[in-house]
Amino acid sequence: MTRESRDTEITKAAGAGATAAVRGRKKRKNKENKTRTVRANTLLNDHPNPHYANNKIKTTKYTLLSFLPKNLFEQFHRFANVYFVFIALLNFVPVVNAFQPELALAPVVFILSVTAIKDLWEDYRRHRSDTEINHMDCLVYSSMERRYVEKYWKEVQVGDFIRLRCNEILPADVLLLSSSDPDRLCHIETATLDGETNLKQRQVVRSFLDLDCEFDPFKYHSVIECEKPNNDLNRFRGYIVHRSGRRDVLCKENLLLRGCTIRNTEEAVGIVIYAGHETKAMLNNNGPRYKRSKLERQMNVDVFWCVIILLVICSFAAVGHGLWMFQYGDKRPVFDVLSPQGTNLSPIMSAIYLFLTLIIVFQVLIPISLFVSIEIVKICQVYLIHQDMDLYDEETDSHLQCRALNITEDLGQMQYIFSDKTGTLTENKMVFRRCTVAGVEYSHDANARRLAMYQEMDSEEEECMSHGGTLPRRESVTSHQSARVVLRSQSTKSHRRTGSRAEAKRASILSKHTAFSSPMEKDITPDPQLLYKVNECSSQMDFMRFHSQPMSQLSSDLSDIIDFFIALTICNTVVVSSPNQPRHKVRMRFELKSPVKTIEDFIKRFTPSRLTSGSNSSSSSSLITNRSSNKGCSSLLSSPSAESTLTKLHEEQSSHLEPTFSPVPPCYDGKASWNLEEGELRYEAESPDEAALVYAARAYKCSLVGRLPDQVTVELPHLGKLSFELLHTLGFDSTRKRMSVVVKHPLTDQITVYTKGADSVIMDLLKPLDTGKRQKKIICRTQNYLNLYAADGLRTLCIAKKILSKEEYACWLQCHLEAETAIQGREELLFQSALRLETNLQLLGATGVEDRLQDGVPETVAALRRAGLQIWVLTGDKQETAVNIAYACKLLDPEEEMLTLNADSQVSHVSLVCKSLGLSKKKQINSSSSLSSHNTSPFLVHRLGLVIDGRTLAYALDKTLEDKFLEVARSCRSVLCCRSTPLQKSMVVKLVRNKLKVMTLAIGDGANDVSMIQVADVGVGISGQEGMQAVMASDFALPRFRYLQKLLLVHGHWCYSRLANMILYFFYKNAMFVALLFWYQFYCGFSGSAMIDQWYLIFFNLMFSAFPQLVTGTLDKDVSAETLQRLPQLYVNGQNSEEYKPYMFWMNMIDAFYQSLVCFFIPYFAYADSDVDLFTWGTPITTLALFTILLHLGIETKTWTWMNWLSIIFSITLFFTVALCYNASCPTCFSPSNPYWTMQRQLQEPLFYLLCLITPVTALLPRYMPFRVLTRIILQHRGLRGVRASATGVQNVDIYNSQRAKFSEVKLKLGFFCLCSSFTLNNIGTNSHRGGVGTHTHTHAHTDSVHIRARAWRLE
């Protein structure tokens, strides 16, 4: 037993070891699958990176060999194409064929050929573009020739070294290893990727920063470990391993992306990391988006019903044929068709074969040309939308872009709009308005008056435009401006203007392509009281520095003031450009010309060189702490003991320097490339918030004059230029909602953290209130001022600082570097590292920045709400700010009762939702008792507004609570979600879309809106100040929010109405033509014969009747654009799908059957008892059907143009030309009968012309008469006068609802009239079956006439 136990334990241990080995291999394999290893191509003779993609791009889908099979395979994904190919192939079976097999293939071949030619042309254009790009030149290092040689882009491979020159486009994703810039920077322009024209700084990898000689690729022996290719433009993670084993972290600031342009850098060298289709630019290149519209989904259902109808009538005819054959018994008719073996077929087999034959004969019931026609019409609609000059913005020189070609009709059916606020409703032009420092508020009244001047200039400019361009007198302008008093209660009015158009043009000239630099944004008027304190503080600091006095002697209030403006100046990523050389960086690294060096200079002398190969043994263990300017990428700790190094450094400093300040002269005259005489500096900011705060600090003489990777140079009054050593930059992100910089103060040698961010975040990171009465007082006062700022609609930011000891900094640095070099879970580690640093902060003050509403936003929001659209605003701003903006843009009405959901826990949230739900139900009971029962308006909601913050929204989106939240929200006219994250935005849109089954539209301008835009049914991007991320993810792109009104109310209405009516017309037209053949089956023993020539059957829908409906579907306008914008309520038609309801399909089918009866039996009775042959009777039926169909289209057409007339004349001419030519040249085409000279004989018969006159009128009389009568009734109805009177703007929902009730009465009168008309038409002389169909036809005509409101308004 002991031996067996021992064996068992050994076996278990061996199994455990094997399992551990397997797990280790899997772990290594998973790690290898998640990372990429890049080696230089100079290391080995063979290519060391063979498994990675080359740089040749191929965006084409086809080759010469694969085009035909691949294109056909793609087209056969559409069920209709498969169906028609099957029908065409079925016609090749002799026992069931109905037409000539070759002729039956013509429609299918035509449709497939047109689509294939279109795809081939598009692919050829892509091929030409690919060839042009692949054959661009670049300099690639050749290991054989030991120099850089020119190669095509397509020849570049991963691991190649590339030399980049100024103004050159990057051929691949390159890791920057060398730069000719003295500061080892490379400036790039990323406009082709994100639309941002501001220059971006990229930094050489840390190990190669201090190369004293030219970079030699042959001496490169490092290995790069990085992440797999992905499409995230804002992330790159990895590290580089040197031969010594040292690892340096890599981040996005070291990566140059394909498609970017090198600027302001003479030369740079890098190694290719990603090439070709693995580059981030190519992974983001998804092309136009393809979605399936709501109308197309409804159409597919009706196509299915067409299939059902086809099977029913074929089965009915097959049963009839079987019964007809059964009555003959054993005596077969002489015209019976024998089997292929020459034997008689049984009635059952005859019925089965006939069923397949009728499938071929009636195949037109499935509209094969409908799908191609819809694509053509949508392309034409997109073209017309692009040509609308009302959607062109002159200030930004941008136009509407349509990126999704197949959902234009969805624009006319929107029900919910989800909008961002900043940059979408507002200009995203941040203007500094006021601030509070150390608990003291500075109102900046003079600056408010300056901003008011822009508003007055704009109003006067508009007045001049309205008076023919006459200029007003200068005296009136001055007096009016001097009387202008800006009060806090009037702050919402300031949101109504964006500055004059002339000011915008001047700004574009002055800025020279520099964003956020208009005079309104940068010409800040300082507050006199605060300016005095800044000057006093600076003068005292200058005095203390001259006498070598410690900083602690400066009063706390003055110290906070100077720190406040230093934070505004350096806590950002703004790049400084010189004005005389546009978009060129200013170099501010200089040596101080003073007898005694500052502590900063001594530290720089003490710090070893960045080049590790040049460091001696004594300096290699020192701490390098000043080598980073990137977000999330920091300095390198080369010594294992950071604390001992800092202690050693501190001892070295204290033994050499005693004074705290270095006597730098106030008027520094160093050799810097910046000169005041050349003009003011230009600031390249990534966001308008940063630009506004930098310009505000400059107004107080605290100017940012230079930025390098490891230092920021500022100029202070009385102190001159000071260089802050930049240790770390913790960039802003949507999770932390703050930004921090870690610097070494040039005067005090203190390591200081400056932080700015949202007040809701910063306030939670401050020191405990029990640390001091002064800090507690400052926090309370600042919070009160923040509430006032938010009530005025200002965007608020808090400014704070923290002083670190060297020990604290060393401890944090060690943990931070470990987080930086991690590959897995790096974001979470960096977040925790930043959180450890940004705690126990000291509050300095807060700022209030104004973001003005875009021009026309209040009017647009009001029009969209009158159109029945529910508007939700999802913003990350403070609640008070968002509410103020909502009132300013008329999203919230002062008369509405506001529901506010602010909960600290899930329990309190449930309680608030229940109370709000009870209030909304109470409102519903009160409103339902006062409204008419006829009222069915989709925008009948209560006069309630809902405001919810981000924390409460997180509770509301819980699976167990989302239904109650949605019930409350849907009962409110407007919903405002504040402090919401990008993920919450997308979750809200998805919740409403999926739960309520409504059509949603999301509109935004920034990267934080991308997820929301992609989730919605229709995504709209604003090409604004925050780049092109939202535009690239959207279906439509607009220059301004105000253009959304015309896009939806006009073009959306038109596109939906056109396509809906065109689809119904297609179903009607095909069903009417098929029904003619079906009625004939009753007279031919259900044999599948046709009285219409097969050429007419094949080409009737494909050629003779195709062009007029394309013109109408593209150009028809049921209501003018002016009326649609003046009466937004007409948009409700699309929301309720009133143009295309399920019953309309069936009414069109009934109408088609009725018209086919008329077109069949009138010629039948006219030619009764005559000796005409089959085609002599069938050709007039074809002609009458064509005339009836074209006249039907004429009745449905609301706007006639010369193209409508031309298309109808062309169709008729084409039909008669083909008929005459075909009948004259085909004597024996269809033996035993033949169509020879049939049309020529018909044109000589008076009866033919009489039939052409009587038959279409009789067939269309039920459709035409109710339209005319209803028009007359409504024109005489006083309700129309009421609607006309409201053309200037419906005052409220109740007025409009009462008008709808009046129209309901008119519908009842119309129904009675249609019923009487149907009984009258029953006496025409047809059988009772015709009369029954006529009754249904009148009902259908009544249904179509419901839209008479729009037609009646057209009569104005």
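Quick reminder: no glycine exception, Cβ is built from N, Cα and C everywhere.
On a predicted model such as this, the values are computed, not experimentally measured, just so you know.
Marked as compositional bias 'Basic and acidic residues' by TrEMBL: 1-10.
The region 'Disordered' annotation in TrEMBL covers 1-34 (among others).
Residues or ranges marked as compositional bias 'Low complexity' by TrEMBL: 11-22.
The DSSP breakdown of the domain 'P-type ATPase N-terminal' (48-102) into helical (H, G, I), extended (E, B) and coil residues amounts to 23 helix, 0 strand, 32 coil. The domain 'P-type ATPase N-terminal' feature in TrEMBL is assigned to 48-102.
Annotation comment: TrEMBL describes 79-97 (among others) as transmembrane segment. With a threshold of 8 Å between CB atoms, the same-chain residues lying at least 6 positions outside the transmembrane segment (79-97) that come near it are 104-105, 107-108, 111-112, 303, 339-340, 353, 356-357, 359-360, 363, 366, 368, 371.
Under the heading transmembrane segment, TrEMBL lists 103-121 (among others).
Through the fold, the transmembrane segment (303-328) approaches residues 80, 336, 347-348, 350-352, 354-355, 358-359, 362, 365-367, 1067, 1070-1071, 1074, 1078, 1081-1082, 1085-1088, 1145, 1149 of its own chain, all at least 6 residues removed from its boundaries and within a Cβ separation under 8 Å. Annotation source TrEMBL lists transmembrane segment at 303-328 (among others).
Marked as transmembrane segment by TrEMBL: 348-372 (among others). With a cut-off of 8 Å between Cβ atoms, the residues of this chain six or more beyond the transmembrane segment (348-372) that come close are 78, 80, 83-84, 87, 90-91, 93, 95-99, 104, 107-108, 111, 114-115, 299, 303, 306-307, 309-310, 313-315, 317-319, 321-322, 325, 339, 1063, 1066-1067, 1070-1071, 1073-1074, 1077-1078, 1081, 1086-1088, 1090, 1097, 1100-1102, 1106.
Cβ neighbours within 10 Å of D420 (active site, 4-aspartylphosphate intermediate), excluding its own Cβ and spanning all shown chains: 30. Per TrEMBL, active site, 4-aspartylphosphate intermediate is recorded for D420.
According to TrEMBL, the feature Mg(2+) binding site maps to D420, T422, D1005, D1009. For T422 (Mg(2+) binding site), the number of other Cβ atoms no farther than 10 Å from its own Cβ, over all displayed protein chains, is 27.
According to TrEMBL, the ATP binding site annotation covers D420, K421, T422, E690, F732, K756, R795, T875, G876, D877, R979, K985, N1008, D1009.
Marked as region 'Disordered' by TrEMBL: 465-505 (among others).
The compositional bias 'Polar residues' annotation in TrEMBL covers 478-492.
Under the heading region 'Disordered', TrEMBL lists 610-639 (among others).
Here TrEMBL flags 644-663 (among others) as region 'Disordered'.
For 1031-1265, the entry in TrEMBL reads domain 'P-type ATPase C-terminal'.
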Would you mind ranking the binding-site residues R795, R979 by how many other Cβ atoms sit within 10 Å of each Cβ and giving me the lowest?
R979
Within the domain 'P-type ATPase C-terminal' (1031-1265), what mean pLDDT does the predicted structure show?
88
Between the Cα atoms of R979 (ATP binding site) and D420 (active site, 4-aspartylphosphate intermediate), find the distance and write it as a whole number of Å.
12
Inter-residue Cα distance where the pair is D1005 (Mg(2+) binding site) and G876 (ATP binding site), in Å:
13
Spatial neighbours, same chain, of D1009 (Mg(2+) binding site) - Cβ under 8 Å, 6+ residues apart
D420, T424, P982, K985, A1002, I1003, G1021, A1030
Protein Cβ atoms within 10 Å of D1005 (Mg(2+) binding site), excluding its own
32
Where F732 (ATP binding site) and T422 (Mg(2+) binding site) are concerned, what is their Cα separation in Å, rounded?
17
Measuring Cα to Cα, how many angstrom lie between D1005 (Mg(2+) binding site) and R795 (ATP binding site)?
17
Around the Cβ of N1008 (ATP binding site), the count of other Cβ atoms that are within 10 Å:
23
Within 10 angstroms of the C-beta of F732 (ATP binding site), the count of other C-beta atoms across all shown chains comes to 22
Give me the CA-CA distance between T422 (Mg(2+) binding site) and R795 (ATP binding site), in Å, as a whole number.
10
How many other Cβ atoms are found within 10 Å of the Cβ atom of G876 (ATP binding site), counting all protein chains shown?
22
